[in-house]
Amino acid sequence: MEKSTWTTKVGLAQMLKGGVIMDVVTPEQARIAEEAGAVAVMALERVPADIRAQGGVARMSDPELILAIKQAVTIPVMAKARIGHFVEAQVLEAIGVDYIDESEVLTPADEEHHINKHKFRVPFVCGCRNLGEALRRIAEGAAMLRTKGEAGTGNVVEAVRHARAVYSEIRRLQSMNEDELFTYAKQIQAPYELVKQVATEGKLPVVNFAAGGIATPADAALLMQLGVDGIFVGSGIFKSGNPIKRARAIVEATTHYNDPEIIAEVSKGLGEAMVGINIDQIPAEQLMARRGW
């Protein structure tokens with residue numbers, strides 16, 4: 001089968017705009033996510049909070065689990081491959097996954113190369129902490145971006161940092177002349193054509209979601225107000241006291257992110273949020289956001 005063009009894959013990712021994508025580890029959780037209004041689910045064996053707690057090498061999930069989740073829902077199913085592990089990505093494409101997340105939540109397989117995403121029919125989503133990482137991933141064929149945040153912490157501070165970094169750098173680009181854009185492209189190691197396009201249009205050529213540490217409806221609305229196109233929620237739903245109610249609330253807050261009254265209403269009586277971790281208490285070698293380059 002012919003490989004999809006990058007433009008087609010970007011169009012597929014655009015269809016998720018304004019929505020919430022939820023991490024699920026069972027078909028039952030996937031059904032809960034779909035009923036709550038998720039636009040897609042991320043099929044995993046372990047949510048990031050468990051990967052963080054249990055340590056060891058985190059790899060692609062068992063294809064059998066991913067297929068069981070695919071059969072349980074009608075919405076798109078995403079799955080994660082390790083950074084640089086193009087064979088895991090080939091397997092995920094072969095079993096019919098709708099989107100592949102080349103994810104720093106899993107243990108990187110290659111410390112020098114990300115996957116060449118142009119070789120795949122399936123759209124890829126990748127994490128980024130700044131505009132340089134964003135444009136390098138797009139150059140490799142990513143059809144969708146997300147903040148890296150710090151997954152599995154229930155702490156939104158890194159996602160906020162990464163979103164603000166990308167958008168402030170885009171605003172900076174818009175004030176640069178052509179010579180400055182050439183220099184800037186070299187500094188951030190990104191193709192000049194992409195840098196020029198972003199400077200001209202004032203936005204990324206792909207959708208950019210927030211991910212990492214989003215635990216409450218207010219967290220989701222905060223990132224949406226900062227300018228992201230949608231929300232990934234990992235451990236924040238099924239590690240909380242009332243997953244069904246919290247899932248619905250986060251979807252509502254993402255849709256009505258500019259309406260504090262609705263956010264206040266859906267935030268009532270959600271039960272315990274997931275237990276959070278302060279970023280400065282995490283040893284440097286355990287920080288997931290630093291994986292990838």
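Cβ coordinates come from backbone N, Cα and C, glycine included.
Summarising the annotation, Swiss-Prot assigns D-ribose 5-phosphate binding site to Asp23, Gly152, Gly213, Gly234, Ser235. Taken from Swiss-Prot, the feature active site, schiff-base intermediate with D-ribose 5-phosphate applies to Lys80. Here Swiss-Prot flags Arg164 as D-glyceraldehyde 3-phosphate binding site.
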Checklist outcome for this item: Spacing of the two Cα atoms, the residue listed as 'active site, schiff-base intermediate with D-ribose 5-phosphate' and Asp23 (D-ribose 5-phosphate binding site), in whole angstrom, works out to 11
Checklist outcome for this item: Counting across all protein chains, other CB atoms within 10 angstroms of the CB of the residue listed as 'active site, schiff-base intermediate with D-ribose 5-phosphate' number 29
Item to check | Other CB atoms within 10 A, centred on Arg164 (D-glyceraldehyde 3-phosphate binding site) | outcome: 15
Item to check | Three-state secondary structure, Gly213 (D-ribose 5-phosphate binding site) (per DSSP) | outcome: coil
Checklist entry - Between Asp23, Ser235, which of the binding-site residues has the fewest other CB atoms within 10 angstroms in the structure shown? => result Ser235
Next on the checklist: With DSSP assignments reduced to helix, strand and coil, which class does Ser235 (D-ribose 5-phosphate binding site) get?
Outcome noted: helix
Item to check | Count of other CB atoms lying within 10 Å of the CB belonging to Gly213 (D-ribose 5-phosphate binding site) | outcome: 30
